[in-house]
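What follows is a single structure, written as structure tokens, with notes after it.
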């Protein structure tokens, strides 16, 4: 009996051990990125991590033993990080923006997705690829890409390409959008609203204003940053209904394809996101707990970005062609234009 139990437990133990080498590499890379971000003002650790992963993937050969752990980090850790993002969202702060700004957020997300999908169709990209770009650029960057991947089961190359595009174009907006706001004569509040409504990642919105203490050109400033982050988190709140809708659409698309795995209508991590939003709304969590949760979320997303970065192979990106890059550029301009138009109409 004991021998049979040992025989049964051996494969299970092997499965548990398999991800450890890759997870250890991701943890080390995340630590490096987090420390580096503290010394390099205005750069997100997520960006550092994905660049580090890409550099390693293109300059050396990672041991095969790291493969299972990298896969776990790029999917499971990323989804846990997305769920914890809900703890950053305080519903009262979002509602305090007023119905005009909330309408602007809905217009940016809905218009951004619809416009990007239409542009992607004109460029001849398939439905999944343009959907990943549309949601990543219209909602909340890499986290949205991961969330959509959870309900459409996209090809890894499409996911990696979409995340890389979010990093490239979102990072370019960190200095670019504040400079454009200044050139257009926007006041501090308008500049903050535009950044929150247009920049892809939460971390990139923060990075646009973090450098103000050093006097860096293009920084938004502390007062604009508060507005920017609140507007950005309102966009994050759109993640749940959008992903639920995409899940329903994806299930309908696959209904007649019995060999295709039908994605869940509401994935578990999305329920976790909503649960975290509800938990934050209770006011029961003290600031130290929220600080730990924020650090944990950043660490998980940083580790996941490193894992995704290891899939950014230059030879593969060259093979992708120019069309995803053209869509990303057009989507960035389109989302920014919708946001700016709405802000000017709001006065």
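Residue 1 is the first one shown; counting continues down the chain.
Glycine is treated like the rest: Cβ placed from N, Cα and C.
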- Task: Scan 199-221, 222-244 against TrEMBL and say which stretch is down as transmembrane segment.
- Result: 222-244
- Message: Does the transmembrane segment (94-119) come close to the transmembrane segment (46-73), meaning at least 3 CB pairs under 8 Å for residues 6 or more apart?
- Response: no
- Candidate ranges 94-119, 131-152, 159-184, 265-283, 295-314 - greatest C-beta contact count to the transmembrane segment (326-346) (under 8 angstroms): 94-119
- Message: Quick test of the contact rule: Cβ under 8 Å, at least six residues beyond the ends. What residues does that give for the transmembrane segment (20-40)?
- Response: 46, 48-49, 52-53, 62-63, 65-73, 77, 298-299, 302-307
- Message: Taking contact to mean 3 or more CB pairs closer than 8 A (sequence separation of 6 or more), are the transmembrane segment (265-283) and the transmembrane segment (159-184) in contact?
- Response: no
